[in-house]
Amino acid sequence: MKIILVNNRFKENTEKKAQEIAGQLSALNVEVIIDNGLDEPYAGTVDFIMVLGGDGTMLRAARRYGQRAIPVLGVNMGTVGFLSNIEINELAEYLPLILREEYSLEARMMLEVAVFQQQSLLTRVFCLNELLLRSNSPRMLSFALEISGQKLEPYRGDGLIVSTTTGSTAYSLSAGGPIADPQLDAFIVTPVASHIINKRPLVVSPEREISLHLLEEREAIIGIDGQIKMDFGAENRVLIKRAPHPLLMVNLKAKPFFTSIDRSLQRQ
């Protein structure tokens, strides 16, 4: 068996814990690859990915490995663990189940984001939570949204979020978007501080494609899962669609979504 341990190199406790777990697994004849984000994603064949950290580390792991149909387990060592299934102090209890592959998988839809300059593709990124288009200055943006070729009336405001249902409890929620069942495949389109009062969040079929471009020359940026940022101008266009493969999230124990999210939000 070969396992990738993904950790956060900016947090010393996850670096140390990754080395400790790697030693334990090696003693059980498990080959271990440690990924702290410095190098390119490991390209070889692996059986399992264990993510040590919080939601940010899980989002990075999803971008790097989510399109390879490898089971991914989130082990929470951070303050926010919406995407984790177990806590670090539970790992010893559940490790035998991992090695025997006795767990269930939950498929989470991911986004495929393609950014163009005129007709040329600049970059293609996969993400689990959301794409954000927002102004990079105090001025509002004016931008166009198309859904599978259907042109909507122009938007004006601070920006727009296109999220998965997994991402519905992240930035989209704070902007007034709905909480969506993560087992549902859909796009959640949420305006950010819309200047047009009747622009409401949309729930869109994953079979559609969403296109965004600016209507004026403004300083804008695109953010991917809160971790990747790129400049976005009037000559750019972004196309969002469902990624070819979902993220396969490992469930070792029951973690009821609506009960968990309700408790988490009540504590905030």
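The backbone N, Cα and C atoms fix where each Cβ goes, and this holds for glycine too.
Taken from Swiss-Prot, the feature active site, proton acceptor applies to Asp55. Residues annotated as NAD(+) binding site in Swiss-Prot: 55-56, Arg60, 129-130, Arg156, Asp158, 169-174, Ala193, Gln227.
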Whole-number Å value for how far the residue listed as 'active site, proton acceptor' lies from Asp158 (NAD(+) binding site) (Cα to Cα): 25
Under 8 Å by Cβ from Ser172 (NAD(+) binding site), same chain, sequence gap 6 or more: Glu130, Ile161, Ser163, Ile188, Thr190, Pro201
Ser174 (NAD(+) binding site) in three-state DSSP notation: helix
For Arg60 (NAD(+) binding site), nearby residues of its own chain (Cβ under 8 Å, 6 or more apart in sequence): Val6, Gly37, Asp225, Gln227
Other C-beta atoms that fall within 10 angstroms of the C-beta of Asp158 (NAD(+) binding site): 17
Sparsest-packed among the binding-site residues, when each Cβ's other Cβ atoms within 10 Å are tallied, from Glu130, Ser174: Ser174
Where Gln227 (NAD(+) binding site) sits in the secondary structure, as DSSP reduces it to three classes: coil
